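Each remark here refers to the structure printed beneath this line.
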Amino acid sequence: MSRAFNFSAGPATLPEPVLLQAQSEMLDWHGVGASIVELSHRGPEFMGIAAEAEADLRRLVGIPDDYAVLFMQGGATTQQALIALNFANPRQVADYVISGHWGKTAIKQVKPYLDARVAATGEAGGFRGIPARASWQLSDDAAYVHVTANETIHGVEFRDVPDVGAVPLFADFSSSIASEPIDVSKYGLIYAGAQKNLGPVGISVVIVRRDLLDRAGQPRADIFDYRSHLKGESMLNTPPTWNWYLAGLVFKWMLAEGGVQEFAVRNARKSALLYSTIDGSGGFYRNEVDPAVRSRMNVPFFLHDEALDKPFLKEAAAAQLISLKGHRALGGMRASIYNAMPVEGVQALTAFMQDFQNRHG
Ligand SMILES: *Cc1c(COP(=O)(O)O)cnc(C)c1O
């Protein structure tokens, strides 16, 4: 067996100790004689896993008690729609600041449900930056302001929390949650699909200020209602137990490695090494994002000659560096370097990039 360094944007690489533990527990979880995926979600074994996962995530991310935590199905895209149903009536405004592809999907999901407005967008500039806060056209009476903390495709990341006054700030943290300390109290709601930085695809996390759950929202089925999910301890229907269990193992791994403080250091080191390799290549490689808001998690880059894309990907794969092909919307390359990507993986990638340049430059 040989494991490559996997730069996939999501589903993404998982910590090897987590995969090994899941493997060793696959047939017989802690001596109960069955796999955890074969047991009832309401049995003591899984209830224990669920409770520990929430406690561990609270400790990892630093979630205050006045915030509820939900584990949901449907991915981040479903949360993008549910926030409208749960927190705004059809005549209410919601302001969207769009800094890339996922901001665009977010506003698309709520258009049927409320008066969705673009407060600012970086589209005219090809999403290479974040519109200056002073240029945002915010509505006084908005139900919420929505931002994408890290744009996974365009590689654009907010480096501070924008001040939006008394209106609750809602943020899509799918690709950067737990990558560094965040001040949860500055947000009304945070959501994240797990398959970037938290675990396997199939589960997402919603962190919501409890008082916001009193808002009427719109008529909706129980299964679309965050209050019902909270009351039902995220087990309104059969939850994705395998995904929840694996995410729980990832939380424990992150805590054991030193928590978000430690990952902030590693992630800064990894991204600085990669950007300096790109910037120091004399134009052989380039990243076009405003350096002030370059993502620490997803680094899109282009080779100076597109004809080199195929050989680059082929030689990288031969060197055990995989999933570097850029998103089809942008082309080029993208290296996703989440918490589970070790510093050694980025060192191997940058050494390969320099060697490739020497041979093809
Ligand atoms: C991947 C991603 C999504 C979509 O997640 P799904 O789980 O596929 O719905 C939304 N927002 C961001 C920032 C993402 O990276």
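Cβ atoms are placed via backbone N, Cα and C, with glycine included.
Taken from TrEMBL, the feature L-glutamate binding site covers Arg42. Around Arg42 (L-glutamate binding site), the C-beta neighbours below 8 angstroms that are at least 6 residues distant in the chain are Met235.
If you look up TrEMBL, you'll see Ala76, Thr77, Trp102, Thr152, Asp172, Gln195, Asn237, Thr238 marked as pyridoxal 5'-phosphate binding site. Just so you know, the Cβ of Ala76 (pyridoxal 5'-phosphate binding site) picks up 27 other Cβ atoms within 10 Å once every protein chain is counted.
For the domain 'Aminotransferase class V' (5-349), the mean pLDDT of the prediction comes to 97. Feature annotation from TrEMBL assigns domain 'Aminotransferase class V' to 5-349.
Annotation comment: TrEMBL describes Lys196 as N6-(pyridoxal phosphate)lysine. The Cβ neighbour count for Lys196 (N6-(pyridoxal phosphate)lysine), using a 10 Å radius over every protein chain in view, is 29.
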Taking the binding-site residues Arg42, Asp172, Thr238, which residues show a Cβ-atom distance to ligand 1 below 6 Å? Asp172
Integer Cα-Cα distance in angstrom, Ala76 (pyridoxal 5'-phosphate binding site) to Lys196 (N6-(pyridoxal phosphate)lysine): 11
Between Thr238 (pyridoxal 5'-phosphate binding site) and Lys196 (N6-(pyridoxal phosphate)lysine), what is the CA-CA distance rounded to a whole number of Å? 23
Would you mind sorting out which of Thr77, Trp102, Thr152, Asp172, Asn237 (the binding-site residues) have a C-alpha within 10 A of the one on Lys196 (N6-(pyridoxal phosphate)lysine)? Thr152
